[in-house]
Every structure is written in structure tokens, then in C-alpha cells.
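As recorded in TrEMBL, the features of this protein are as follows:
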type	residues	note
TRANSMEM	47-67	transmembrane segment
TRANSMEM	73-93	transmembrane segment
TRANSMEM	126-152	transmembrane segment
TRANSMEM	173-191	transmembrane segment
TRANSMEM	197-218	transmembrane segment
TRANSMEM	278-295	transmembrane segment
TRANSMEM	330-351	transmembrane segment
TRANSMEM	371-387	transmembrane segment
TRANSMEM	399-418	transmembrane segment
TRANSMEM	438-463	transmembrane segment
TRANSMEM	475-494	transmembrane segment
REGION	528-560	region 'Disordered'
COMPBIAS	528-550	compositional bias 'Basic and acidic residues'
Amino acid sequence: MGLVNRIVQSFEVTHEPNLTIAQQLVANDDLLPVEPAKRTWRAYNYIAFWTADTFNINMWMIVSSMIQLGMSWWQAWICVWLGYGIAAPFLVLNARPGAIFHVMFPIVNRTSFGMFGSLWCVFNRAAMACIWYGVQASIGGSCVLVMLRAMWPSIYDLPNSMPASSGTNTRDYLCFFLFWLISLPIIWFPVHKVRHFFLVTPILMPIASITFLIWCIVKAHGIGPIIHQPSTLHGSKLGWAMVVSSMSCISNEVTLVTNAPDFASRARTPSAALHSQLFAIPLSAAFVSLIGILVSSSSQAIYGTAIWSPIDLLGNFLNDNPSKATRFGVWFISASFMLAQVTTNICANSVSAGCDLTALFPRFINIRRGGYIAATVGLAMCPWNLLKNSDEFTSYLSAYSVFLSSIAGVMVTEYYFVRKGHYNVGDLYNTERGSWYWYTYGINFRAYTAYISGILINVVGFAAGRTVPLAATRIYELSFFTGFGVSAIVYWTLNRVFPVIGAADTFEEIDVSGYELTARGLRDVEEVDMDTKDGGSDHSADKELAERKSAPNAGKKMMS
């Protein structure tokens with residue numbers, strides 16, 4: 001048994017010594033509140049983060065389905081503004097506890113769903129992150145193909161040695177694998193340092209995109225017919241088409257709304273994660289989608305049909321013996337898109353999966369290992385098979401967003417309307433009966449009742465291929481609001497009837513436990529006071545420190 005224990009311990013991640021089995025189920029170094037030295041994200045880092053995240057191929061093409069519904073380009077563009085403009089405040093609301101108390105989504109989720117009840121919510125988000133990692137990697141592989149074709153045209157005719165049952169061929173799989181391989185080194189960097197990587201895409205992609213736009217306009221001798229194409233929808237049909245399109249934009253963002261505390265926990269000050277995200281999300285989404293509209297409109301003038309995928313359009317530029325200048329231009333733009341896909345996969349999927357998997361298996365997984373697990377799952381799931389029927393895949397993702405919006409509704413209500421900003425950080429890692437977040441055997445049944453209620457009102461969304469009443473269809477088309485709203489109302493009502501420990505009458509963002517983290521664990525608040533005198537804290541941290549000193553349990557250790 002001694003040998004077995006040593007082998008098991010060799011796979012364990014860094015954590016506080018002498019932890020009990022129960023403590024090892026809920027904590028490791030990555031799950032503890034982010035220490036001050038790692039709270040490095042400023043406002044411009046969040047702006048760069050969202051600019052990097054939105055410069056991807058999906059965002060470029062987001063208005064294509066709207067225009068195909070019959071909307072004009074400007075009506076579709078308004079939907080992008082509305083969708084992402086509405087999603088941004090919800091994301092900021094859910095990010096707030098992470099920015100104040102420097103804890104990630106899995107830990108914030110414990111406050112509402114319970115110490116062990118949160119695991120289902122965390123699993124949901126981890127599953128989505130792993131699936132999306134594979135899908136984005138598959139799309140990134142198409143960027144690599146165009147890059148390689150611009151350098152070596154013969155790669156396009158690479159002989160296939162893979163069976164038909166694989167769903168792919170040697171050429172496409174090689175490009176997918178190269179993209180997957182390129183992403184791996186970035187996963188190694190911790191969250192507080194990977195912010196530097198996000199600064200590259202916001203500089204490179206606008207240059208590449210505007211160059212691409214000018215190139216297309218010159219080739220087309222104008223912007224193209226889509227800009228002059230009128231809407232074929234009118235009245236209520238147009239109204240509901242715009243509602244559905246706006247909601248699809250919100251659904252695209254709901255995964256990041258749910259796990260918003262992951263990156264907010266690294267904020268240098270709470271305000272750094274507030275205004276920057278509130279404005280960066282809709283502005284960057286609107287800019288990218290507008291460039292996509294104009295480029296696709298020009299492509300219709302060039303080829304007679306609109307090509308919405310920028311990678312397909314670049315591939316067409318390589319047909320008919322292109323010049324060296326054309327090949328270099330295609331290589332530069334496709335390389336920029338490839339880098340943007342890497343950035344999107346890291347910020348939206350790898351880090352999220354790492355945080356979530358850490359909470360599911362804290363004894364053996366940290367954020368870095370979780371990121372590599374997500375990459376492995378993304379490789380093993382053969383994501384190209386999911387993309388073969390994009391309509392079914394899109395419907396699946398829209399339906400899955402119902403689960404996440406109900407989770408977000410409970411979390412936001414818990415923070416702002418139940419305990420009203422009051423946190424007991426120590427109890428976030430406490431599995432003893434009577435702690436704030438223990439509820440009933442570690443599960444808050446109020447939260448699960450609300451969560452299921454938010455899903456049930458949208459259950460029509462899972463009735464694919466069947467005739468359903470128009471009213472039920474309209475409810476599902478508003479699934480984010482109905483899921484979020486119903487779960488929020490039910491959760492608030494149940495907490496009024498069955499109050500929880502720590503429920504507050506007034507809103508005040510304070511940690512009543514008085515805990516503070518250092519690089520090697522938790523120490524007394526008095527020691528933190530010495531650090532702040534040496535200039536290790538900003539004004540908001542000083543205010544927080546004063547509040548913690550006045551708390552009844554200040555100076556107490558979290559783990560004994």
C-alpha cells in the first residue's frame with residue numbers, strides 16, 4: 001500500500017499539507033482565492049481579451065444566417081448590436097463576485113448551488129468548453145490548410161490514406177492536427193500571464209481584416225450588391241426574425257456569461273473588469289461582423305454568389321495560378337485568422353475547461369492540466385463529424401444554452417438579492433455541517449428547483465421536428481430571458497420562504513470570514529496589513545482589508 005500511495009501522490013497537484021479527504025474534494029491551490037501578486041489584469045487586458053475573442057470565423061459569419069432569413073444588412077447588424085449589447089451587462093453582473101473576492105466560477109457557483117451541488121453545473125460548463133475546443137480547432141485547421149496552400153500549392157492534392165469511416169482525409173486531418181499542436185504551448189501559461197498573448201490579436205487582426213476588405217473592394221470594383229439588398233421581411237415577421245437573431249447572439253455568449261468570474265478573478269481592481277467588458281463586447285462584435293458583411297458583399301460581385309466564410313474566400317483567391325503577391329497576401333490573412341482561432345480557443349475554452357475540471361477533481365487536476373485534458377478531448381472527439389451537419393449542431397448548442405442561462409439566473413440572484421454581496425470565503429472550502437454553503441448535505445435544493453424551473457419553461461426547445469404551439473415556440477425563442485428570469489424569480493421566492501444562513505437585508509460587498517490569501521496559503525489579516533504598508537495593495541484592497549479586520553472572525557485560518 002505504501003508504494004500505491006506514493007504513486008497516487010505523485011499525480012497529485014500542489015495543495016495545502018495535511019488536508020482531510022473532505023478538504024481534498026473542494027480545494028487546491030488553483031481553487032483558492034487568487035493571491036494579490038496574480039491579480040494582474042487591468043482594463044486594457046479585458047478590452048484586448050474581448051477583441052481577441054470576437055475576431056474569429058464564427059463572429060465574422062454571424063450575420064450570414066440573418067441575411068438569409070430575409071433581413072437587410074443593416075437590420076442584421078442591429079441584431080448584433082442588440083444581442084451582444086444585452087449580453088454584456090449580464091456578463092458583468094455575474095463577473096462581479098469574481099472581481100471582488102477573486103474566486104473563479106466553480107467557487108462562485110458553490111454559494112448558490114452548494115459545495116457538492118455545484119459539481120453538476122461545473123460539469124455542464126466543462127463539457128461545453130471541451131466540445132467547443134474541438135470545434136474551434138477544426139475550424140482553425142481550415143486556416144492552416146489555406147496557409148500551407150499559399151506556400152506549397154501541392155498540399156491541396158495530398159493523397160488520402162485515411163478510411164471513409166474516419167469522416168476526414170489525410171490533408172484535412174494533418175492541418176487540424178497542426179493547429180491543435182500549435183495551441184498546446186499557450187495552454188502552459190497561467191491565467192495571470194496569458195494576458196500578454198491576448199495583446200497580439202487585437203493588433204494583428206484589425207490590420208489583416210481591413211487589408212482583406214480593401215483587397216476585396218478593389219477586386220470587386222465596389223462594395224457589392226448585399227449592401228443595396230432590401231429586406232424581404234416586414235411587420236411581425238421582421239420583428240420576430242430580429243428577436244430570434246438577437247437571441248442567437250446572446251446564446252453565443254451565454255457560456256462566457258456563466259463562467260465570467262474565471263477571468264474577473266484576476267482583475268487588479270473590481271472596476272477593471274466592469275466598464276471595459278461592458279463596452280468592449282458589443283463594440284468588438286459589431287466591428288468584426290461589419291467587416292464580414294462588407295467582405296462577403298464584395299465576394300458576391302467577384303464570384304456571383306456571397307462567400308461568407310473568409311477562409312473559403314481566401315481559398316478561392318488561390319485558384320487559377322495566383323501571383324506571388326496574392327499568395328503572400330492570402331498567407332498573411334489566413335495566418336492572422338489562425339492566430340485568432342488559437343486565441344479564441346484559449347480564452348473561451350481552454351482556460352474555462354481548466355478551471356471547471358480543477359473543481360471536479362481538485363486532488364489531481366489544476367488549471368494547466370485541465371486545459372490539456374480539454375485539448376485531448378477536442379482531439380479525440382473527431383469534431384469534424386459534428387460540423388458536417390451544422391444546422392443540427394447549432395440547434396444542439398442553442399438548446400444547451402438553456403441549461404447555462406438557468407444557472408446564471410440563480411447565481412446572479414444569489415449575489416445581488418439573497419445574500420446581497422455578503423461572502424463567507426472560508427466556508428467556500430468548508431464541508432462541515434452548519435457552514436454557509438453546506439445547505440442540505442452539500443446541495444442547495446432551492447437552487448435546483450429554480451434551475452429545473454428555468455429549463456422546464458423552455459422544454460419545447462428539445463421537441464425537435466415536432467409541431468408545437470406558437471406561444472411555446474415564442475417562449476423558446478426568448479430562451480435566455482425565460483430561463484434566466486424564471487430561475488431567478490423562483491430562487492428569490494424560495495429564499496424568502498426558506499431563508500438561508502447569511503441572508504442580508506442591505507447590499508454590502510464584504511467577506512465576513514476575514515480570510516486573505518498569500519502565495520503559500522492563508523495567513524492572518526495582520527500579516528496582510530504589513531504587506532499593504534509596503535505598497536503591495538491598491539486602494540480597493542485597503543478598503544477590503546479594513547472591512548475584514550472589523551469582521552467577527554478576522555484572523556481565523558481557513559484550514560487547520
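Glycine is no exception: its Cβ is also placed from the backbone N, Cα and C atoms.
Note: TrEMBL annotation is automatic and uncurated.
When Cβ distances are compared across the two stretches, the transmembrane segment (371-387) makes contact with the transmembrane segment (126-152), since 3 or more pairs at least 6 residues apart fall below 8 angstroms. Within the same chain, residues 45, 47-49, 51-52, 55, 186, 189, 288, 291, 294-295, 298-299, 302, 310, 313-314, 329, 332-333, 336-337, 339-340, 343, 346-347 sit at least 6 positions outside the transmembrane segment (197-218) and bring their C-beta atoms closer than 8 Å to a C-beta of that stretch. When Cβ-Cβ distances under 8 Å to the transmembrane segment (47-67) are tallied for each of 278-295, 438-463, 475-494, the top count falls to 278-295. Ranked by Cβ pairs under 8 Å to the transmembrane segment (475-494), the stretches 126-152, 278-295, 399-418 are led by 399-418. The recorded stretches the transmembrane segment (330-351) and the transmembrane segment (173-191) share 3+ CB pairs below 8 A when only pairs 6 or more apart in sequence are counted, and are therefore in contact.
Between the transmembrane segment (278-295) and the stretches 73-93, 126-152, 399-418, it is 73-93 that has the most C-beta pairs under 8 angstroms.
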